[in-house]
Amino acid sequence: MTAMAEQVSTFERNAPAAPSLGRLTLVELRKMSDTRAGRWLLASIALVVVGLVTVRVFAGSAETRDAEEFLAFATGGVSLLLPVLGILSVTSEWGQKTVLTTFALVPRRSRVITAKLLAAVAITVMSVAVTIVVALAGNLAAELLDRGGDWNLGLDAILYAFLFQLLNMLLGIAFGALLLASGLAIVLYFIIPTVWSVIGGTVAFLKDAAGWLDLSTTTAPLLTASMGGEDWARLAVSTTLWVLLPLAAGLIRVLRTEIK
């Protein structure tokens, strides 16, 4: 018995340590960018941002053409595709069955989920940094071409842009975690909020409710850096409905779904 106990103790001491949360986050970041779909998405996001900023240099009123508006244009462009990256960060493993390997190496699913969320935050930070650079480049081009170009970009506008992108990224992750199927999650991500926005904007008795429950409406002031007290209340309500509740339900599903 003593010999067996010593062998077990030796095995426990020699067992490899579980990967740290930081290392798991780096792995999840690599998964987002080290696939064909991830690379194409990131390239598409960059092209959309550059394209929108370039269009704004030559189109629209010169009176409102400034660094803050360029950032709003770039942020809006990023929000179109960045959530798809969030969806794929969750669903791609389930579709390709590599989730078996992931959870075999890291049995505690909560650590993998946490790493995915941290990776999403990191990607959002990097995307904001890129949008700022592109926005400032567009503003410089406008100034050199004598087409406006006021350097009025404040910290509040940058923080609002980050929050705007983060909410959209988390919404994508929520859809991915709820459905665990890439195609279905991407389609419904674009259809459901769009249909609700159209209905809320056209049906008279729903317009007041849409002002509180339509995420695209409540996040719009973030792009103009014009959030007031009621705006924050509206954002909190819509975020709870569209982001927090679906995300919580999706994470519970990931934790409990049997892997086949």
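Glycine too: its Cβ is placed from the backbone N, Cα and C atoms.
Curation does not apply to TrEMBL; its annotations are automatic.
Residues of the same chain lying 6 or more positions beyond the ends of the transmembrane segment (40-58) and with a Cβ under 8 Å from any Cβ of it are 33, 65, 69-70, 73-74, 76-78, 80-82, 84-85, 88, 127, 130-131, 134-135, 137-138, 141-142, 145, 147. If you look up TrEMBL, you'll see 40-58 (among others) marked as transmembrane segment.
According to TrEMBL, the transmembrane segment annotation covers 70-90 (among others).
Note on the transmembrane segment (117-137): residues 21, 25, 28-29, 31-32, 45-46, 49-50, 53, 67, 70-71, 73-75, 77-78, 82, 85-86, 89, 153, 158, 161-162, 165-166, 169-170, 173 of its chain, located 6 or more positions outside it, place their CB under 8 angstroms from a CB of the stretch. What TrEMBL records for 117-137 (among others) is transmembrane segment.
Taken from TrEMBL, the feature transmembrane segment covers 157-180 (among others). If one looks beyond the transmembrane segment (157-180) by at least 6 residues along the same chain, the residues whose Cβ comes under 8 Å of a Cβ in the stretch are 68, 71-72, 75, 78-79, 82-91, 94, 116-117, 120-121, 123-125, 127-128, 131-132, 186, 188-189, 193, 215, 219, 222-223, 225, 227, 239, 242-243, 246-247, 249-251, 253-254, 257.
The transmembrane segment feature in TrEMBL is assigned to 187-206 (among others). Residues 83-84, 87, 171-172, 175, 179, 213-217, 242 of the same chain, all 6+ positions outside the transmembrane segment (187-206), place their C-beta atoms under 8 angstroms from a C-beta of that stretch.
Sequence-distant contacts of the transmembrane segment (232-255) (same chain, six or more residues past either end, CB-CB distance under 8 Å): 90, 109-110, 113, 167, 170-171, 173-178, 180, 193, 211-215, 217-219, 222. The transmembrane segment annotation in TrEMBL covers 232-255 (among others).
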